[in-house]
Amino acid sequence: MAELPTAPNGVSSGDYLHRSIDQLRSLTHLTTADLRTAQLVHDYKPFNINEFRQNVVERLDYSLKNGLVHHQQQQQQQQQQEMLQQQQQHQAHQEQQQQQQQQQQQHHHQQQQHHLKSSYSAPSSPPTPHEQQEQKYDPNRSPQRPLMSSGSNASSPEDDRRGSGGGPGGGGGGDGDQSKPYKCASCSKSFANSSYLSQHTRIHLGIKPYRCEICQRKFTQLSHLQQHIRTHTGDKPYKCRHAGCPKAFSQLSNLQSHSRCHQTDKPFKCNSCYKCFADEMTLLEHIPKHKDSKHLKTHICNLCGKSYTQETYLQKHLQKHAEKAEKQQQRHSSQVAAVQQHVPSGGIGLNLQRQAMNDVNAAYWAKMGADSAAASLAEAIQQQLPQTNGQTYANFATLQQHQQQQQQQQQDMLQQHHQRLADTPGHSHSPHEDPAGEDLVLRQTTPQHHLQQQQQQQQPSPGPGSSAFTPLSATVPPSHLQQHRGAPAATAAYLYQQNAAAAAAAFPTQLISLHQIRNYAHQPGAAGLIAGDHLTLGLSAVQAAKEKAQ
């Protein structure tokens, strides 16, 4: 092997780097010139170990520095992660606090409802038995199912959807008890949720917390209030989807009932629940299901015939009838009060005087006897009776009956008066010989008086329908008018035809004196028929006739 050349400056050969065997082999083939060029190319330099160690230390320091920076970056990342975790924990803690507050509010609300239920007394409608006390719900004890009245078992459609008693899935079976453990203590219904049970118990307790701000009507459930508000706003969100049908409804149940009318494949409809069936046999099988059902309108109004499904609805309807009757009575009393304000304190007597002053006829008094004058006064009193009796007799039928009774009494009194006159010893039965103290009209012996009576007998009497004294036509004629008994049965006893020309000439000699009126008033038969207020009518009529004759 060729020896390696020694390094200059007395440096030992161990201080140089040794070449590999291949390099040495390649160097042997090179010339000296080539070696020089190779030395220049490879630039062989002597390497000092101290310098190498120093470089190594610097490299180690650099690596340490790089490691510290990386460690610091990791620490910063960890700190950021910890901060994020703390923020998340803080947010979770806030959410927990909010949930706790909500739970506390719910618990407080439930306590208030429980306090209201415990302190609330059940109203009269729906009716509940007096001997049974209110029972509160306790899930630990077995439910008691007392027999309640029909009004207390009232339930809403939502209660029927949430739970039903006695049927499949209700409170009567074993599977229903497991799926719906919350049972009502007042009825046989059961529910799957306690909130549904609390809403249902409001029906039995009569609690209606939801009030309409427009009409102040109260409801047990919020959904019922929302449906009721649509009646005020006119909102109808449920529209019929049938082609060409523009109808819309405020409630879904009404739309469902309406949609059945478009079903052509099911022509047989149930009148109780509006369900439709394809054949008649299925409908006949369905109808018995409504027996003892809440759909039947068994509560009927005796006044108008309307029927309702619940007794409470019938009571509200009857209350409307009572309010209407009260309003009619108030209106009638106000009308009577208005009439009384226009009538003076004289009452009926003054009204009779006004009527006599306006309608007096001189010939009428000239041809009247005592009986006809009394009959005219009685008829005038009868004409004024509806004004006075209208205050006390609100019913027209009773008023008419009362008037008939008074007419009958007056007729009886007239008959008694005529009988007394007939039984008088000095009484004459001739129509031309009247005593001076008996009648209101003076005794007439003039030829004009006989002429008038002959004309009255010759003139045909009108029918009973045209007479002003129809109520007295059926009475027995008095004893001093026996000449009329030969007349036909249709003629009246007190019918006179007026002759204005003869009466106007004969009237001044036929005036009534005041002492004769007083004597007539003091007679035993006439005192009960004509009062002192009505006797003033004759005097006022006489004065008016005098003025007219002058």
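For all residues, glycine too, the Cβ spot is worked out from N, Cα and C.
Annotation source Swiss-Prot lists compositional bias 'Low complexity' at 73-105, 400-416, 444-460. As annotated by Swiss-Prot, region 'Disordered' applies to 73-179, 399-485. Summarising the annotation, Swiss-Prot assigns compositional bias 'Basic residues' to 106-117. Residues annotated as compositional bias 'Polar residues' in Swiss-Prot: 141-156. For 164-176, the entry in Swiss-Prot reads compositional bias 'Gly residues'. Residues annotated as zinc finger in Swiss-Prot, with sequence analysis given as evidence: 182-204, 210-232, 238-262, 268-290, 299-321. Look at Swiss-Prot and you will find Thr424 tagged as phosphothreonine, backed by similarity to another entry. Positions annotated as phosphoserine by Swiss-Prot, on the basis of similarity to another entry: Ser428, Ser430. Feature annotation from Swiss-Prot assigns phosphotyrosine to Tyr494, Tyr496; the stated evidence is similarity to another entry.
In terms of DSSP helix, strand and coil, the zinc finger (210-232) has 11 helix, 4 strand, 8 coil.
If one looks beyond the compositional bias 'Low complexity' (73-105) by at least 6 residues along the same chain, no residue has a Cβ coming under 8 Å of a Cβ in the stretch. Taking H, G and I as helix, E and B as strand and the rest as coil, DSSP gives the zinc finger (182-204) the counts 11 helix, 4 strand, 8 coil. Across the zinc finger (268-290), DSSP classifies residues as 11 helix, 4 strand, 8 coil. Secondary structure counts, DSSP: the zinc finger (299-321) has 11 helix, 4 strand, 8 coil. Each residue of the compositional bias 'Low complexity' (73-105) gets a DSSP state, and the totals for helix, strand and coil are 33 helix, 0 strand, 0 coil. Residues of the zinc finger (238-262) grouped by DSSP class, helix first, strand second and coil last, total 11 helix, 4 strand, 10 coil. Secondary structure counts, DSSP: the compositional bias 'Low complexity' (400-416) has 17 helix, 0 strand, 0 coil.
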